[in-house]
Amino acid sequence: MAVAISSIYEPLTENKSIELVKRLGLFDQTSQLTSKEIGDGNLNLVFHIQDALTKKGLIVKQALPYAKVVGESWPLTIDRARIESSALMKQAEYVPDLVPKVFYTDNTFAITIMEDLSELQIARRGLIEGKSFPLLSEHIGRYLAKTLFYTSDYALDPQEKKRLVKQFSNPELCKITEDLVFTDPFFDYDTNDFEEELRPSVEKIWEDTPLKLEIAKLKRKFLTEADTLVHGDLHTGSIFANRTETKVIDPEFAFYGPFGFDLGHFIANLLLNALSRKPENRIELFNHIHKTWEVFVEEFSFAWKKDSIEAYATIPGYLDHVLEKAFEDAVGFAGCEIIRRTIGLAHVADLDSIVPFNQRIAVKENALALGSELIRKRETLINTKAIIEIFTKVTS
Ligand SMILES: Nc1ncnc2c1ncn2[C@@H]1O[C@H](COP(=O)(O)OP(=O)(O)O)[C@@H](O)[C@H]1O
Ligand SMILES: CSC[C@H]1O[C@H](OP(=O)(O)O)[C@H](O)[C@@H]1O
């Protein structure tokens, strides 16, 4: 399949990224700039530009017409750059302090120029190093509540909501999630990637028809429930943080999806990190999970009571119903994310960097058991404590 791109599109180089930011007047013509390609994600080029004298920096991100991790044999729409910059700007309407500022976008060249966040650290990296990000969950709870509530039918005029659904139609990146998160890991497909030692447990999952029925139900939700503008890939590698600040980057998978989707992915990635730790070092992660949900409920409920335009918003029980469904779905989505990050195409360093090998395999076995249990039990779990109880059970 070929990807439609304008004939003038070309990938940037380090030199060309410098020419671009100078041409746009983002730096003085005389400034001494350096540019370094620092992209470590699966998909795009990311250039870090810095003024040698003032140390002022900028990030130039460009989508390639293919998935960088695989190469030109996996063509991929550059429209994802439009989705990413539009999502960042939409989210900035509700949580300006929690997303990078966007300075410039060009949809033809698939370029977004944004705030340099290099003074913060990618949360996944920091968590692997055992660092603490005390405000991470408070910030992510508010990010989720505000972005999800204010882009939903509960806050928006129905015409505007439908305009946004159209604007954020993202079929190619959704297809990646449909395949890599909800389908491939649960079948014997070539995209999967796991150690031979895990094969007996993986085959058990492939043969577990009742579990696969539950995954099918979750996939249906992903395919059909256009509740709100979700980030679409909210893992700890998409979050910059330090002890006081948090910024969510990389919403190129954004689309109108279910309320519980981002929450599930964030919780899953905290659980993946917790799995990689000794039991005595897990409590901070568990507290982040409790706090994320607590702040989400508080902020979402506040926004609902203050700004809901839904005629049924004051009917007793409706808000609770929406929150209960979001929680149940989040638990199921978390289970799928944990499993796909263990045996699917895209792994996480939290698990892959565990040494020695035997211990890595043991932790990955736990990850598969945890993911499966979350999917199976999601309808009976009533709070985040119940998630941690399941975690404790499968890891002891
Ligand atoms: N605004 C930013 N400031 C500083 N570094 C960034 C910024 N955005 C991305 N990066 C760096 O580039 C890497 C890849 O960015 P990301 O948006 O995750 O790319 P991809 O879409 O390919 O996954 C990040 O892990 C981070 O190191
Ligand atoms: C070939 S895309 C695989 C995987 O990569 C994306 O993550 P990121 O862009 O943050 O590296 C997303 O999770 C996809 O499922």
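For all residues, glycine too, the Cβ spot is worked out from N, Cα and C.
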Per TrEMBL, Lys61, Glu115, Asp116, Leu117, Asp250, Pro251, Glu252 bind ATP; matching candidate in Asn44, Asn107, Asn242: Asn44
Binding-site residues clustered about Asp233 (substrate binding site) [Cα within 10 Å; pool: Asn44, Asp116, Asp250, Pro251, Glu252]: Asp250, Pro251, Glu252
Secondary structure of Pro251 (ATP binding site) (DSSP, helix/strand/coil): coil
Which of Asp116, Asp233, all binding-site residues, has a Cβ with the fewest other Cβ atoms inside 10 Å: Asp116
Which same-chain residues, if any, lie at least 6 apart from Leu117 (ATP binding site) yet have Cβ under 8 Å of it: Ile59, Pro100, Phe240, Lys247, Ile249
Close-lying binding-site residues around ligand 1 among Asn44, Asp116, Leu117, Asp233, Asp250, Arg340, where CB distance stays under 6 Å: Asn44, Asp116, Leu117, Asp250
Listed binding-site residues adjacent to ligand 2, that is, members of Lys61, Glu115, Asp116, Asp233, Pro251 whose C-beta is under 6 A away: Asp233
